[in-house]
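According to Swiss-Prot, the feature disulfide bond maps to Cys114-Cys146. The alpha-D-glucoside binding site annotation in Swiss-Prot covers Tyr118, Lys120, Tyr137, Asp144, Glu327. The repeat '1-1' annotation in Swiss-Prot covers 200-211. Residues or ranges marked as region '4 X approximate repeats' by Swiss-Prot: 200-265. Among the features that Swiss-Prot reports, repeat '1-3' is placed at 236-247. The annotation compositional bias 'Basic and acidic residues' is assigned in Swiss-Prot to 238-260, 368-401, 412-424. Here Swiss-Prot flags 269-307 as region '3 X approximate repeats'. Per Swiss-Prot, compositional bias 'Basic residues' is recorded for 402-411.
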Amino acid sequence: MGLPQNKLSFFCFFFLVSVLTLAPLAFSEIFLEEHFEGGWKSRWVLSDWKRNEGKAGTFKHTAGKWPGDPDNKGIQTYNDAKHYAISAKIPEFSNKNRTLVVQYSVKIEQDIECGGAYIKLLSGYVNQKQFGGDTPYSLMFGPDICGTQTKKLHVIVSYQGQNYPIKKDLQCETDKLNHFYTFILRPDASYSVLVDNKEREFGSMYTDWDILPPRKIKVKNAKKPEDWDDREYIDDPNDVKPEGFDSIPREIPDRKAKEPEDWDEEENGLWEPPKIPNSAYKGPWKAKRIKNPNYKGKWKNPWIDNPEFEDDPDLYVLKSIKYAGIEVWQVKAGSIFDNILICDDPAYARSIVDDYFAQHRESEKELFAEAEKERKAREDEEARIAREEGERRRKERDHRYGDRRRRYKRPNPRDYMDDYHDEL
């Protein structure tokens, strides 16, 4: 027996909605999704770069000091003043005719002082055991901090073998909580940079990187045409100065003033009332201002097509990607990298960030606040002990020097003089 008509219609509707909802996911492609769960060491190769010099650091698999989820572990830089390099090989792909999404999370738990927390996409063959700072890359993206002044968010792309940093001044987060950084590059060469799913910057590779010459340039030595009227307002030609306007005095005699009773005309002359401001005086006459009907706007140097510009429709296309890597140097270690995603679906990347914040953000903040409270109490106690120790040492020093002064006190010559005078 078949389904009733109304149930069959509902089933068809539900099936259609499901297909439409899942269709984008079915056609999206994930090239790398790494949450550093079991077996991650088999996927990632720790480089020996700088190891012979004793300058190579190691990574620790941990959730950190204030994890939103203690079971969600990443890899943390572990040794101070070291170079870190680790990479994973991924199925080779090209972003030609597709959107590229690069996303990861990093929690900079430490007072880093100076160091990077970015990731790189690599092309061609890479000896992963020798992967280091001089290894060519196709994209470098993420925070770089040094002191209190530099809090830069790098977006560096490689074009024809040369690296080009973004011209805009992008800032990274420094509050010791977990943050997601997302870079989206589209086939029309437009891009977006997101931090925690909030768009921090957007634009075009044509304008925000100095890769190609600009499409338009200003005309050199251009001059404003003589008939160009850039006066937005002009005097009203129909406004006429009232008759007698210029004869109105600025001040007039005070009519309420009275001659003093003791005024002596022979001695002081004829009394005159003091002057007061004239309320009828309007100052110099000025015609009313009206909109200029011939106003053409402020003159600007005209733009023309740049003869040196040659378009590259593949400007957005990176060399085929084969590896993802972390290569940084840090004065103070302690940054946790996690949730690395390389795909072509911005919606899927957004869902990962949304899920993390919905499930773990509040607990992470609570643990961080508690850790900060304990740190503050510990520092206050250490400061108290240091003050008490300093006071104790000061008292000992004063006591010791006091005894020495009394022991080696020099006689006062006046004492001898007094004895001499007494004898006299």
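A Cβ is built for glycine as well, from the same backbone N, Cα and C atoms used for every other residue.
On a predicted model such as this, the values are computed, not experimentally measured, just so you know.
Structural mapping of features recorded in Swiss-Prot.
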residue : record                         : Cβ within 10 Å
Cys114  : disulfide bond                 : 14
Tyr118  : alpha-D-glucoside binding site : 23
Lys120  : alpha-D-glucoside binding site : 23
Tyr137  : alpha-D-glucoside binding site : 24
Asp144  : alpha-D-glucoside binding site : 18
Cys146  : disulfide bond                 : 14
Glu327  : alpha-D-glucoside binding site : 23
Contact set, same chain, for the repeat '1-1' (200-211): CB under 8 Å, 6 or more residues outside the stretch: 153, 157, 159, 164-168, 170-171, 185, 188-194, 315-316
Asp144 (alpha-D-glucoside binding site) and Cys114 (disulfide bond), Cα-Cα, nearest whole angstrom: 8
Segment confidence, the region '4 X approximate repeats' (200-265), expressed as mean pLDDT: 92
Pairwise C-alpha maximum, in angstrom, for the residues (Tyr118, Lys120, Tyr137, Asp144, Glu327) that bind alpha-D-glucoside according to the record: 17
By Cα-Cα distance, the member of binding-site residues Tyr118, Lys120, Tyr137, Glu327 nearest Cys146 (disulfide bond): Tyr118
Assigned conformation of Glu327 (alpha-D-glucoside binding site) - DSSP reduced to three states: strand
Environment of Tyr118, Lys120, Tyr137, Asp144, Glu327, the listed alpha-D-glucoside site - residues of the same chain whose CB lies within 8 A of the CB centroid: Gly116, Ile119, Met140, Phe141, Gly142, His154, Ile156, Gly325, Ile326, Val328
DSSP-assigned states of the region '4 X approximate repeats' (200-265) in counts, ordered helix, strand, coil: 8 helix, 14 strand, 44 coil
